[in-house]
Amino acid sequence: MAYKDWQHPYVNIFKYVRVEEWKRSAKEGDVSAYTDKTLKCPVFRIRGPVPANSFILLPKNSSQSLGLTGRFFYLLFRPTPGKYFVVHLDVAAGEGQVVRISFSNTFKEFKSTATWLQFPFLCGAAKDSVYENTAKSARRGLVGPAPTSVRWTCLMLDLQLTLSDYLSRSYSHLKNIKLCANMTVKNMFTSDLLLDPGVSFSQAKLMGLTSSQGTGAIPREMSFPVPKGGSWHDLYDYIRFPSEGTKLPFDSIQNGSPQSEHRSTPSLSKPVQDRVSLIHQITNPKLLSRNNTPVVASIPELGVVSTHQNDLLASSGSHKLASRPPSEADDGGVHVYVHAEEGLSKRGEESEDEFVCTPVPRPMRLSLSREAKQQKLLPDPILRLNRIIGFGGATFKCALLSKSGDEVVYPCHAIIVSMKISSNQQRFFIGHTDKVSALAFNGNTTLLASAQTGNNSVVRVWNYHKANCVAMFRTHAHSLSCLSFSYGGGILCGVGKDKHNKTMVVVWNTLNVSKGGEVSILAKTHTDVDIHTMKVAFFDDTRMVSCGRGNIRLWRVRNGTLRSCPVNLDEYQTLDFTDVAFEEGNFDEQHLDDRTLYASTRSGHIFEIDYSSVVIKNVRRLLPAQTQHADRREKWTFNTGPGIAINSISVSSSFCATGSEDGFLRLWPFDFSTVFLEAEHEGPVSTALISFDSLRVLAATSTGNLGFLDVSSRGYNTLMRSHTDTVLGFSVDGIHRHLTTASSDGTVRIWNMDSLHQLYDFVSEDSPCSVAFHPGEQIFSCGFSSGMVRVFAISSAKLLADHKQHRGEVVGLAFSPDGEFMYSADSQGSLALYNSSEEEHSVIKVVCNVVARGTERAPDALTVSSDSRCLAFVGPSEYTVTVADARTLDELLHVDVSILDVESPRLDSALKVCFPPASTKHLLVATSGNKILWVCTKTGRLLRELSKVHKHYCSSLAVSDDGRFLLTAGHNAVKVWDYNMQLDINSQMFIGHSHPIRQLSFTPDQLGVISVGDAIFLWDFLANPVNSTAHSCSPFKISYAPKPDTEVDDIQLSNGMPRKTAPLPSSPPPQLDISSIDRVGHRDLGSLFSCDTPAKTIPTASAPETGSGLSSDPRPAVSFLKVTDLINGSPLNSSYMDTSELKQKKPVRPDCYKHFIPRFKTSSLDQSVVAPEAQEEGIRLKAVIGYNGNGRGNMVWSPDQGLFAYSCGCVVVVEDLHTGSQRHLQGHREEISCLAVTNDAQTIASAGGTNSSRSLISIWDVQSGTCRRSVSYHSGAVQSLAFSRDDCFFLSVGDFSDPEVALWSSRNFQMLSSVRVSGPVHDAAFSPSAASQMACVGTDGVYFCFLHTQGQDADLKVQRVKTPAEVGDVELTALCYHMDDFLFTGTNRGHVCTWDVRTQRCLMTWEADEGEIGVLLCRGNRLLTGSNTRWLRLWEVEAVQSLKAEEKGRGVEDSGTAVVLAQEIMLDGATVSASFDNTMDMGIVGTTAGTLWYINWSDNSNIRLVSGHKTKVNDVAFSFDESHFATCSEDGSVRVWSTSSYELVVQFQVLNQACDCVCWSPFSSADSTYVAGGYSDGTVRIFRLASTEMEMKLHPHHVAISAIQYSANGHVILSAGKNGLVAVSSPVNGATIRVIKDHKGAMITTIQCVIEQCENFGLEGNDLWLATSADRRVSVWAADWMKDKCNLLDWLSFPAPAHFTGDSLPPSMASFCPADHSLVVYTGYGVEKELSFYSLTKKQIIKKISFPHWATCISLSSKSHLVAVGSHERVLKLIKSTSGRFQDFLQHSDSLQTCQFSPSGTLLFSVAYNEILLWEVRGL
């Protein structure tokens, strides 16, 4: 049987067969379960006088097989003292034969047959016992029954070695197991790992024992408990059989097998080593040699490939490499050269080890003794990267300016470019292996930090001036999105995502990195908040600020931890913050903390925040200039109108700059009163950065443009334009030195090769895929994916030709060298010949099926010989190369490349062909076998062959004009070869591209090489010409001399004042005219225009007309964007005084999960709603599905009285654990935070916030379910509630916004006393012995409270004690009393502190968890801890009572008292509530995952009692028989529930996707019931309930699916994407039958199918269905899916006003009326809030029902004409559609997103976020 991945690393056999159920296993005789005192866990005891009569058999039937393939079998057992036992293992050999392996202490000797091995088992004895001494001396004293002191034993059988050594057979799998009396067994498991039970996980990690080495520690669930300080081998026995290290295999199973010398072998205790074999040579099978695997002690680190010339990699094996200064002899060029023999290594992404940060030295060149003898390609290197045309890649937000302002630094995919502004000269920082995602400078720009995206994300720190890498380290993140250096360069901060896609912030110490020191991690934290940008404060290296969606946070590093506090945003919590910037200022005149922080948002708000007080000083909103319309009378205000979406903000000492989504770079004064300078761009401005001297403002756009605004001259200069997607192909005009490129971004661009400026940009809806320049004229042609071929003349600005001869994508386009002909080929195999001597480029000939089909040979599928006589291409099949006459396309030669290599095991296909310019006698062919073939063009004979050209296939090749060099591209590498292959080393390889190279070629002057893919790379070709006249023969020269400053700064103004009008380009660039072409069909041609076209004029407020002073420089290389001066302006350094008053300091939420924070809601409660009278409700709440995991302490259980209650939303659920029935306590209108119950279980207290200023505390009578009293005191949320032991008092604690402790009387519910404490309080509890004593814990320590009463008066005295110094700077998060004298407290770092209540002194601390402890519970001498690491642990704390005797004169560290971890269970989330019985044997625990667990410590089991969705529920659907219902959620789960018991039946989970909709198959039996879900990745998954497995996965959409429904008869599935496309798919084979595009462009919100004879409407079919889209359109269709017919019956459009005042438009929804399918009921955004009834027969609206609110969901009942409507105001409205009568229900705490009647109309679901309520429908 093949090995299965699910069996790794081990298989728990008892759990695998569910032995406690005895369904897959069998027991016979006296087999019982009990809890062993030594192991403290359940075990099975097998007893009986005859071992064969009492046993456990796995599996139940001998015909079945366990199929366990693990090599090692582990048995955890203890032989019964004085008894015999037998174990049988049936093992399948590789030859198919079954061998039984038996061992027993009844066997006296070893016996062996072909099918049975019998081994005697020698029982060991306890340490220092008489039996152990007997075994040492008598040698035979332990043969027979087990001794009285026999110990628990871990037996490991190497099944593979046993069969190999004793029977010379191979091992396949373990088939059956039979455990016979007399023994006690804990468990069994199999594994391929050699595990050591005596080593803990921490010890295994220190020893380097990992699963990759085949070893490790034993799993926790299989381990034996060892007390602290004890030794495993002193308590238990470990037997390994057969043992290693002996020359003959042992023929008995016993302790004391010789120990292996390898580190991976566990060490044996001395008593075990003393026991030896009693039977040694009964049999003597032939010993098989086994090779020992060498253990690698350490792995040397890898250096970094140098970017300097003549450098080779040197590795020393040392873990620290000394820094070495770079060579002085460096010409500044970058040579990215990789020798062929060098290998690359990648670090695995699954590694979580801390990565050592080491400086990167300059590699040394090794002197090779053979180097002088070997001839290699010269010069070395032969290529040098000169320039790159490109910007961006992973992000367009990274662009920096050097401190001098003369260089701009930006990423281009995996390379960082530093470009000098005055000369366009570029420097390169090369070393990243994936796209660069973040850049950061230190204050003086001497250090540059960069990060790359991808799984192997690393950070590099560069010496900016020397362009060398000084440090490289891993980030422990999948990708880094943000980096920020401190001003001095000593701190580097990074923000990214870990492998769980959780935000992670890391702070590194980079203080000594420039001196060769190491980089270390100062602090690291994970957070749930969204972070777009994070910056280190320039005035304090330890402080940072971040912003993101809904938050601005201030961070600080202190004592090795990273803590943060949020800025209280109040009503602005929904805003998306995009950038932050600090106010500049003078250090001497301003306190370091006295700074203003600016933050920008996508809604146009600018926040000014006082950094020291963390309060908002001012909020401004930037609105666009309003255009007056006659139909709009109202004026935009602060809260209305579309704001300017700001992507970036930068602040200098003089002004502010913003970059916005509307494409404008704007300069503002500090009061943002008006714009004094702005520049419009072609796309959204992603980055705005003011230079250090405030003279330039750098701008980057998301369309790949980079430029700067010169503040003094008011001129704009474009530095770089780039494609935003892969460059597919290029062509060079050698005469005019123009380069044209085609890209996947849909553009064709023409570049100046000298200045790198873009000259023209062609934009079309049709995607370009190949381009070619005419060899002699300024003409280029372009082929498109539609098959169009267009020819343009740049000089005359005309479209010369437009041909549609092809049906497929144009994969090849070429001109003949003499310019007479043009050729094109497409992916469908056709080839076209054009007359390029004519202006119209008329078609001469078209030949079909001659070119190999497919697009993999694009863009250079055609090659023409240098004499213009031959044309070569791959075709007609992929194995054939054809040479044709270039003038007639007549075939001259066919070459079958698949038969040229007869020794190849597979057929080679041709990929690329190339004619060398110097010779027409042979043709180069690149094949799929990674070869290049030289083929004779006359005979087809193979002349030469080059193998292993690249690791990947060759994607492009070219030959130099002199025939000396060959260029090849493979994946992302370029190779230069000696064409004649006569050297010892014939090639050099160069890297730099991060994506596969699509095309490469020599420049026409042979002085350069161009390669394209992710960007455009221009290389210098450094090979010497054949003779000195080579340069003079070439008419094309490259000049790299820097241009004068006057050419860059085109426009200068003498007065230095802001310009009143926008500067225009020097001369208008030519516009290409297409007037000579027929206009038919020209809408999809696109337009070819100059990218330097003047921007349109923007109206100014009051700007007088002035002259522009235009320069006469005619060159079109420098482009200008419109710059408008809107005011006469004030000086840039004008002072600004903020007149707004400072707000009161807002409290900061503590950074611990224990503290309750209500889930953020955008809905508001309608206070005017009146609930119906009791017993008159049209619907009655029947069940609440789920538990609110966001609450804290919101579950109570009284085991003696049987009370079990919890909260979900604003409802308290009282559930009977025996019957599952529910009662509901309703009265809250906001989310309930916590619960408390009296000790007699007669009263429940619940706390929930309100929309008013104070929270509501309700007191409930459990028996009647009525609210006895409601009180309100705390202004914020209530953090904790607690009743005293005598139930006379109860305590309430406010949250961080109002940290006040209030004491109430339980008799009259009057507040007796209140105390306000200094910091947030997290938990509170009464003393179990005295009602006058209580305690609270919080941020500032523990508060001991004492109540003094005098008559009716009560006084609460509080004594605060700080946390002990031993646990560090922590917060106390939980507490509980132990007995009468002790108090346990938990911290946010996992410590538990033990306090003496009398002396208020901490007696002992221990680390109970790695995370924050949120729950503490003590019963007797057992303590329960629950934390955010999901671990629930039970501790034995009996030893704590001895502390009082030891207290005097001893400190915390001196006591020596130890607590013992008894048991632990990992749950599905952080623990938020817990309640246990008095013995702590069983209890109930709630987690943040929305689950309530029943915990039974006696058998170490956990059962799910209540479960619900943690994230938003997107849809709910009833099955057609109403026995089940299904829900789907944002977490990607589809859950099926039982309608009768409300229990979860099955859950289907899809990771990393959201499930947006769900539906049931109609009219299906129990065995063929299906549930279909639509997911955010565009897939439909169909699940079968009978098998609880996914039946089929469909992918009909490329966008998220918004609606899904089976057709009424179940023949098809209709699914709709958010792009408006409706796909009709078959549930049988998964094929997409048809796609309906009528709603394209608007999201489909509803699909409904009903059975209806469509003949009544004049159409054929019996299936009527409708689709509703977000643009208020409804389509109704008649279908007969069996006949593949689907016809549009009606199309409805509903009008609506042009402007909506809310945040988002209400959804459009429609449904068939259940009583009459000819009626369509619609609601959505419109003129009125109403429900419309449209008749399909009368074609008109026949009835309307008005609403007070916009509807967010509707459902129509099949009986009683009832309509359920949900709204954003949290109201569920039940309406009688015939009379208009209605009732309102307010049981939800948030806006409703879904409501659904059952098919019979007797039940109703309503959903708000994750609250699911099930209602029983009574009727109105």
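From the backbone N, Cα and C atoms, a Cβ is placed for every residue, glycine too.
Pulled from TrEMBL, these are the features on record:
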COMPBIAS  252-270  compositional bias 'Polar residues'
DOMAIN    1-121  domain 'CFA20'
DOMAIN    133-194  domain 'CFA20'
DOMAIN    731-1020  domain 'WDR90/POC16 second beta-propeller'
DOMAIN    1512-1818  domain 'WDR90 4th beta-propeller'
REGION    249-272  region 'Disordered'
REGION    1047-1071  region 'Disordered'
REPEAT    720-761  repeat 'WD'
REPEAT    803-844  repeat 'WD'
REPEAT    1506-1547  repeat 'WD'
Counts by DSSP class (helix H/G/I, strand E/B, coil) across the repeat 'WD' (720-761): 0 helix, 24 strand, 18 coil
DSSP-derived helix, strand and coil totals, residue by residue, for the repeat 'WD' (1506-1547): 0 helix, 24 strand, 18 coil
Overall pLDDT of the domain 'CFA20' (1-121), taken as the mean: 88
Secondary structure content of the domain 'CFA20' (133-194), with strand meaning DSSP E or B: 15 helix, 27 strand, 20 coil
Composition by DSSP (helix, strand, coil) of residues within the repeat 'WD' (803-844): 0 helix, 20 strand, 22 coil
Helix-strand-coil residue split for the domain 'CFA20' (1-121), DSSP-based: 14 helix, 57 strand, 50 coil
